Structure formats: C-alpha cells, structure tokens
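Participant: Could you have a look at this structure, given as structure tokens, before my questions?
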Amino acid sequence: MCLCAWPDLCVCGLYILYVYVCNVSLCVSSWFHRDISGLDAESVLKSRGVHGSFLARPSRKNQGDFSLSVRVGELVTHIRIQNTGDFYDLYGGEKFATLSELVEYYTAENGILQDKDGTIIELKYPFNCSDPTTERWYHGHLSGPNAEKLLWERDEPGTFLVRESLSKPGDFVLSVLTEEKSKASSGGRRVSHIKIMCQNDRYTVGGTEMFDTLADLMEHYKRKGIEEMSGTWVHLKQPYFSTRVNAADIDSRVRLLDQMAERENEGDKKSKAGFWEEFDTLQKQETKVKKSREEGMRPENKSKNRYKNILPCKNYDCNGLCLHNKLQESGDPKVYIACQGCLATTVNDFWQMVWQERTRVIVMTTREVEKGRNKCVPYWPEMQGSKEVGPYVVTCVSERDATDYKIRVMEISPLDQSDSVRTIWHYQYLSWPDHGVPEEPGGVLSFLTQVNTKQAEFANAGPMIIHCSAGIGRTGTIVVIDMIIQTIDTKGLDCDIDIQKSIQMVRDQRSGMVQTEAQYKFIYLAVSEYIERERETEKRERESERDGRERDGRERERDGRQRERRKRESERLGRERQKREMSGCRHSLGPLFIIVVPHVSPSFCCPI
C-alpha cells in the first residue's frame, strides 16, 4: 500500500489532512510459488484470487522455464516464460535480465498481454505464497540495493536480513552489514550478499552442510559465522526485522509479537520487544524528520488550534491550501480528511469545509466531553432544530442510537440557495474508552462497515471526514485500519501489508498519526479479526456452494431415479396392454376363420 502525499489544508486555522490510497508497489510482493502445479495454481486463483490476480511458478513441461498463471474473469490462463540462461521473455517480445523485471514490466502496463482470442490479460494483484519462515528477519521480495539502503540506515555492523533471490527464483540471499568500509562512492560500510540455495527442499550456502529450514540455517551461522570466498569472516549479530507480512499470516505475526513482549529480558526489566519495539522504531523515525509548523503558529491561527503542541506540518511536497468557493477535484475514490475536533471558533470553518469538499459522511470517534474535559463542541443542531453556520444553515433531520454509536442525519444548504440541499450522515462512535483502546476490535469493524456502506451510496461524494479531539490518535487508528482493509478487499487475503510503513506514510502528511503503542497493536488486532471474519465468510460460501452442488446432485439423482421408475412403469403398462390386446383377440375369434369377400351389389348375389 502506498500513500501519496497531499497537503494539510489551512481552513482559516482549522487544519485538516487529505489521505488517499494508490496502487501497492510490486517490490514487496512474493508472487513466486516454487512448488505449485498448473492445476493447483488454477484452483487457488479461482477460490481465493480476484480478476487480475497472478502468480509465477516453475514450468513442469520445460525444465528451467516458468509460467505465469493469471485470473481473467472467472477463468485462469497460463503464459509461458522462456529462460534462455541469458534472459527471460514470453517467447518473443521484450527481453529481461530477471523474472522479476519481466513481471514488473507487464504489471506496470508498459506491455500488453493478450490471449489467443484477443482477450486482454491484466497483471494487477500478485497472489502471494506463504513465506518460507515466520522469522521477522525474512523480508521476502526485496532487491539488493534496497537491502543495502536499509542496512546502511541502521549502520550497525553485523545487522542482517534474508530476502528472495531476484536472479534465481526459489533461492534466497543473506545480506549482512560488515565492519569494512565500502569501496563505492557512498562511503558506507560494505554489505555482503551471500546466496542461500534451496535444493530438494533443503537449504545451503554451499559445501556439505544442508539444513531442513531457513531458520535452522540462520541459527547455525549466527553461532559460527560465515567465511566468504575472500577468506573474510562475516558475523551475524542482530537481525533487521521486517514489518511486512502476508495478510493471511497476520495472526501468526500477532502471536509472535505477543510472545516477544512476554519474553522480556529478565536482567533488564525496562527491556521491551514485540509491538513496543516496532512502535518505538516508528517514533524514532518521526524525530529524524523536521517539518515546518509555521502555518499553525501564525497569530491568526493560534486560537484555532485545540492543542498547542499538535500542529499541522508542511513538508516539501505540500502547498498550503485555504477554503475557497471552488470545489476540489478528487481523482481517487478513497479519500479521507482527518481533522481536529471543533472549537467554538472553528464550527463555521468546519461546515464550510463540508460543503466545499462535497463531504457526505462524517465520522466522529469521541464524545463531546470525556472525564470532564471538552473534546469537541457539538457542531450540529439539536434534533429537528436548525442553526446558521457562516453562510450555511444546518438542520438535524433525525437521530438514532445503534450498537456502540449514534447516527445523525443532517441537511446543509447555503443561506442564499435554500433549494440546494445536501444530506450529511454523521456517525459518532461512543464505545472508545477514555484511555487506551476498545477491548476487542469487532465493534470498530462493524462500525466501519456501516460507514463505508453509506459512503458508497453517494456516487459523487467527496472525502469522508474523520476526527476525534486532536485528530491524530483515534483518527489515525481508524484511517489506517480502513486503508488496510480496503487493500485486502481489493487484492485478496494473500496480499502483503505493512502496518508500520502505512502509519509512517500517513505521518508524512500529518505528524503523530497513531499516538500510542496500544493503538498500534489495536490496528494489528483489527486487521487480524477482519481476516478471520473474511475466512469464515469464505468458508460459509464454500460450504453453501458445496451443499448446493450436493443438493443439486441429490436432486438430479432423485430425478434420474424417478425418470427410471416412470420409464419402467411405462414399459410394464405397455407390456400389460399388449398382453390384454392379444388375449382379447384370442377370445373373440375362437377357432373360426375369417373369410373376406369383395363387396358386390345384392342383385348379383348368388345363394350359397
């Protein structure tokens, strides 16, 4: 998942955030399946993929070649990939140095794939295979230069990670930051890339030592070290953990992070791991980037900031925007506006934003007052009441309570255009505790389902507005959960997700989004719960489909038996009727003969 930067808007002092979702980068996708046949590829793509899902696999017909299996509508097509040893191609056309480059080329729509009948084949969503290990030092489909960049940023000799080999699919690479200075112009430490070969489902770096799993191999060389061809010894001291995870495996990642948190170093009670470690890394990254907050510190805007230390940031990509009378154009269907809870001085600005941005759905994740503290002024009128808010009038048409939240239906129109009315749906989540997070994520997931269903009802709706009090903690948590869920809905349960990087990209647009470790963990739990729900839904659908097939089979079998019985009964009745007819003939004729004489006139009849 990738977030494109969009500027904070200065709404006469009311600061908001645009966030929208773009296509995921292919470089984090493990679409190569080393042990799968064409029939198995068809089965998994039909049962768990969507239109545009694809995977690559070794060819069973031509040793050394590969095949692309792609879901096209309800069918699966297979495309042969030639591996000459020097390049990869589709038996003609562009040539590529690696399989990864070929797939990325056609995924980026540089080349058009067509079936024999002219059908366009789109490579849209990589269908990921399960990782060969759940260890967090495994980074999947990561290039060598990107691995070096990560290790240089850490700048701790002995830091290591394992990634897939791009030059030889099915093998792996151990990348280690060494003590030596690099000879390259970058001037950083040298990164050693050591090939790990997979032979008959066993792993080796060469020589006679073979290991059943990647984890076994790594544990061995963490103790022993690895001698390079040059004679230099490389020592594995600390892993560089990946936060990327296959969505289908997130439950395992949650359990692992929980276990790590429980196994704190007894010699250092302050030592923490698991979720805290990931969140702490995120916090440290935040402090490395200095962002200008001068817009929020302007004298005319200071009174409109709810908290003095929570101000909108402005990075080099952002241009300050103010409210205006012209509608914003949005090129993406999923856009969020994140903002602080209203102050008395910002209510008019808030409603001007609602009108200007064509918003139809507002999500509020706080009560007006919590623990005696004002969190957000009621910016809506009482039930059946109206109030003027700047150049607009807002009316509360209805209000009702639902489980965990309240729904208000309001109407807004300009004072000078009373016939131009828009309906606004206001969802206020009431079950978020004063401190911490909800005990379980089910309520939030159900809430988001209702919110998104309503948003989808408006064909030309503007961005959904989400706010709490400060507009970063609960707001950031809700935004990130919804973004990741949308990615899973679009690309299937086997897509790659990265919660830490998703938050980091959101923070590039608004500092501090997702404020606490508890909120960070809650996102993991919510995504895990969502995937479990989706699996249960898929299971019920498969069972229903299977039951339907079995029922249809039983009905066809019953109909067949009935047809067979009717056929036998018809044959029996036919035989009986034939017998009766034959029997009737014998009784009426007896031993007599029938003499047939021609018909003649009576006058010519002669007596016998």
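Backbone N, Cα and C define each Cβ position, glycine as well.
Pulled from TrEMBL, these are the listed features:
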{"type": "DOMAIN", "residues": "31-127", "note": "domain 'SH2'"}
{"type": "DOMAIN", "residues": "137-240", "note": "domain 'SH2'"}
{"type": "DOMAIN", "residues": "275-530", "note": "domain 'Tyrosine-protein phosphatase'"}
{"type": "BINDING", "residues": "ASP434, GLN515", "note": "substrate binding site"}
{"type": "DOMAIN", "residues": "445-521", "note": "domain 'Tyrosine specific protein phosphatases'"}
{"type": "ACT_SITE", "residues": "CYS468", "note": "active site, phosphocysteine intermediate"}
{"type": "REGION", "residues": "535-582", "note": "region 'Disordered'"}
Participant: Check the recorded positions CYS468, GLN515 for other C-beta atoms within 10 angstroms of each C-beta and report the one with the most.
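Facilitator: Highest number of other Cβ atoms within 10 Å: CYS468.
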Participant: Just to be sure I understand the packing, how many Cβ atoms besides its own are within 10 Å of the Cβ of ASP434 (substrate binding site)?
Facilitator: 10
Participant: What average pLDDT does the predicted model assign to the domain 'SH2' (31-127)?
Facilitator: 86
Participant: At the Cα level, what's the spacing in Å between the residue listed as 'active site, phosphocysteine intermediate' and ASP434 (substrate binding site), rounded?
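Facilitator: Cα-Cα, rounded: 12 Å.
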